[in-house]
Amino acid sequence: MEPKVVLITGCSSGIGLSLAVNLASNPSKEYKVYATMRNLDKKQRLLETVRGLHKDTMVILQMDVTDHQSILDAKSKVTEDRIDILVCNAGVGLMGPLETHSIDTIRGVLEVNLLGTIRTIQTFLPDMKTRRHGRILVTGSMGGLQGLPFNDVYCASKFAVEGACESLAILLQHFNIHVSLIECGPVNTDFYMNLKRTELSDDQLEMDAYTRSLYKEYLKHCQSVFQNAAQDTDDIIQVYLEAIQAQTPLLRYYTNTALLPMSNLKLSSLDGSQYIKAMSKLIFSPPNPNTDAQI
Ligand SMILES: NC(=O)c1ccc[n+]([C@@H]2O[C@H](COP(=O)([O-])OP(=O)(O)OC[C@H]3O[C@@H](n4cnc5c(N)ncnc54)[C@H](OP(=O)(O)O)[C@@H]3O)[C@@H](O)[C@H]2O)c1
């Protein structure tokens, strides 16, 4: 049987790297993996993880999702002339009070998370449509389903990806192309360390004292969540495999059921008030009455 040809974005670390290694290590050689990354200087980590075992099942290519030409160049190096499974995984984070981010920084996040995902899908979609065959998997986030304080831009980018994927899924089922989002909560990768964040120590920033104190509280919460509740990439890869191996893949797969009650709350109370109250309580606990304000 011919191997399924998979192209994955963002394979220099984290989920992309683990997925590439897992699929390329498939004992029956069911997959040929094009593991792409924007900076090939970082390929050592991937090479060390595969330990040179998978010369015939993995090819590493340069691909920056913000650069259309680099996507086209990567596509032209796929010797099979087809992609059966496209994995849009590359992403960046941004944390801090909205007013502290420059528009260029905000644009940079949207450029990778939203436009990068759309640009990648656009490039590979026409061939999939012609062949009436394909799977598109996207690394989604709890931040694409639920608003999170101090993650306004990241959530905006991931919510937008949800909208794009849900919309595409409706049309693409007519082409036998399945779109799936792998919705992740916190995962032990370089993501938290790499994400751009407003530093509390920077007192030049336009941030009032009350926002500063809430942000401090949020950072503590966030650190504790990443320390105590983050999943390992292996858990995420199992969910990826479930989606890849499904006969009829679903639109959404959740890697962490602990996230579901909040999503359910959003659906059961459509005016949003219950969700806002519950999330605020969870993060800024004990709740800050107005009298606490140190303005
Ligand atoms: N970790 C979490 O807690 C978490 C939770 C929910 C969702 N996610 C999502 O999971 C995905 C993967 O993140 P991760 O956790 O594995 O973090 P990660 O280890 O930081 O990996 C992110 C990957 O995206 C790549 N990337 C960034 N900008 C790119 C660009 N312009 N073109 C191509 N690649 C680019 C990075 O490359 P460089 O090394 O060159 O920067 C890196 O390979 C992201 O979409 C993220 O939003 C992560």
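Easy rule for this one: first residue shown is 1, then count along the chain.
Glycine is treated like the rest: Cβ placed from N, Cα and C.
Per TrEMBL, the features are:
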type: BINDING; residues: 10-38, Asp64, Lys158; note: NADP(+) binding site
type: BINDING; residues: Ser141; note: substrate binding site
type: ACT_SITE; residues: Tyr154; note: active site, proton acceptor
**Request:** Measuring CB to CB from Asn26 (NADP(+) binding site), give everything in the same chain under 8 Å that is also at least six residues away in sequence.
**Result:** Thr57
**Asked** What is the nearest of the binding-site residues Gly10, Tyr34, Arg38 to Ser141 (substrate binding site), using the Cα of each?
**Response** Gly10
**Complete:** Filtered by Cβ distance under 6 Å to ligand 1, the binding-site residues Asn22, Asn26, Tyr34, Ser141 reduce to Ser141
**Request:** Among the recorded positions Tyr34, Tyr154, point out the residue whose Cβ has the most other Cβ atoms within 10 Å, with all shown protein chains included in the count.
**Result:** Tyr34
**Prompt:** Across all protein chains in the structure, which of the binding-site residues Gly10, Asn22 has the highest Cβ count within 10 Å?
**Reply:** Gly10
**Asked** Once the chains shown are all counted, how many other Cβ atoms turn up within 10 Å of the Cβ of Glu30 (NADP(+) binding site)?
**Response** 15
